[in-house]
Amino acid sequence: TAAAMHDYDHPGRTNAFLVSTYAPQAVLYNDRSVLENYHAASAWTLFLSESKFNFLVHLDKAEFKRFRFLVIECILATDLKRHFEILAEFNAKANDSDAPGIDWNNETDRLLVMEMAIKLADINGPCKRHDIHVQWTFRIAEEFYEQGDEEATLGMQVSPFMDRCNPQLAKLQESFINHLVAPLCNAYGEAGLLPGHWVEASDSEDEGGTDKTDSQTGRDTEEETEGETSASGRPWKRPSQQLQPRKVSCLQTKHLQDNYEHWVNILKEENRLKELQQQQQGGAAASSTSPRAATAPSEPALDDRATDGEDDDEE
């Protein structure tokens, strides 16, 4: 229910934009988690508007109150301003060296896991199959560009990554994965909450050896050796070569790694082309100021094709 409600009636603008423009939603919710409050309130208003929408009619008053509280808390948790706060709280509970672990009998702990689950569902586009991830990336990019267009029309400074005249899609996705999605996915996985297929190391050898397992699934492997702790901040790690039980074939983290590498490769190519362009421009400037420049016959302009595709969305 929280997932269905969490982006209901989204205006296609960020919280920062709504606050900067004094939008009605920002004024109503005092600039705090504007969209998240708006989504929750609008969805519950719709739910309560007609009796035929009430699929919770079987709940008593106390149960309904508790259910509504949990849904609202989950929706508010999707505000990225709270991202690192929630992630730190979860790691302190589940993953840090002195973490007490999740108490499934504790309502607060269960709510924290629910908040992590909806957060991962909210930003897990890079954990999807590559073609699906790219489709959604282009869609969100177009939404960003529309906001950038409106910012320019209003005389505002265009927000980062929202200028369609200076697309930086690869840089956006590389940063998004590295700073937000990967740490969240890693924390969720280290707590043992991501789906995956558990096998013995000897079984993986039967399927083609340790090297094959490492190259295909080792990036999302978690070590189970007593006393070792996993690194935080990234969802993929190189496993040791010891024969021991290990978690392999987590499809979500494999997609995440593949998609991350895709954008990193594009970013490297864009940077290479920019450096080449700068070198060509520097060479042209040096030629124009040399003694030979005054007597040498005019030369054709530098070929601009070297920079073609620099800002294209490669696939």
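Using the three backbone atoms N, Cα and C, a Cβ is placed for every residue, glycine included.
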Binding-site annotation, TrEMBL, Zn(2+) 1: partner of HIS6, ASP7 in ASP109, ASP122, ASP131: ASP122
Neighbour count (Cβ, 10 Å) for ASP7 (Zn(2+) 2 binding site): 14
Segment confidence, the domain 'PDEase' (1-270), expressed as mean pLDDT: 86
